[in-house]
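Taken verbatim from TrEMBL:
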- 139-149: compositional bias 'Polar residues' (COMPBIAS)
- 155-169: compositional bias 'Basic and acidic residues' (COMPBIAS)
- 187-288: domain 'TRNA-binding' (DOMAIN)
- 133-181: region 'Disordered' (REGION)
Amino acid sequence: MIRSAVQTGFVMLRVQEFQQCERSEWTASTSVGPASVLPLPSSLVELPRPADTSADRFLAPSIMSGRTPPLTKMDQKTGESDQIMEYFKQQVQLLKEKAMLQASVREEKKLLVENAKLKKDIEDLKKVLQEKQKRRTARQATPAQNAPKSTAPECEERGKTEESRKEGREEGEEAGLAALDQEPKVDVSRLDLRVGRIVTARKHPDADSLFVEEVDVGEAAYRTVVSGLVKDTPLEQLQNRMVVLLCNLRPSKMRGVLSQAMVMCATSQQRVEILDPPSGAVPGDRVTFQSFPGEPDKELNPKQRVWERVQADLRTDGKCVATYQGAAFEVRGKGLCKSQTMSHCGIK
């Protein structure tokens, strides 16, 4: 644009010089005096000028006057702004790198302190272990040093001691046999099986495969029961449902929730079905067996493994009735406990 303006200025100057030369030559070629000078032809009065552009009008005065165009000043300011921005970017990058370096230094110091603490703990443990080994060695060495030499009277005393031990062993065996005779038989009568009603049911907060139910078993307070029925029973089907529960297992925590009973179900490798009590049963009714009378234990002893030994004989028969060695799960005067569809399956 500047070059175009300069060229336009030179053209205008040449046109003016040409007009002056034409006037002087035309005046000299005529004999008429200055008073009778004829007007110049219209073609020579004003030659056609190129169309002015906005850039020509803007730049021509500046070129003629020798001043710097405003556009050039703007370019200069823009260049300075770019330099300032580049400087600020460099400073920001330096600050970021400095912050990262300081963070890494702090982390390194923290790790050094932790390593020193661990080394100290290891040394303390080594000292404790060495002291224990010294004490054990000293205890083992003391009896060997203090052991007296064997003599004939001592041999006689040893013989008497061995005889008394044999007699005590025989007496202990007899007492053990008597205790075995007095031990209650292991059968289904030792299980506290009751009818219950699920009051509320919800998903376990920490296990996707477990439900947590509050169950009414005819006691003053509801029992909390954790059961793994998520895959086989929708949550909606558990609300206000009547079930059969084993109530004298030792309470145990299942993923942080204490379970106080177990819902009895017919089971197979493919699926699980909850056992249904008879229609007239109410919470607290006891499930009994005609061939196995007796009162249940207050709480089953896990060491005796009563539940595991009884559970092996719990099955549904061909009519889906729950049984133990052929004896049906019965609520006296109200009916039998059944599975909906599963026959010849285990129960647990």
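Each residue's number is its place along the chain shown, starting with 1.
From the backbone N, Cα and C atoms, a Cβ is placed for every residue, glycine too.
Note that TrEMBL annotation is computational and uncurated.
Residues belonging to the domain 'TRNA-binding' (187-288) score a mean pLDDT of 95 in the model. For the domain 'TRNA-binding' (187-288), residue counts in helix, strand and coil come to 7 helix, 44 strand, 51 coil, using DSSP.
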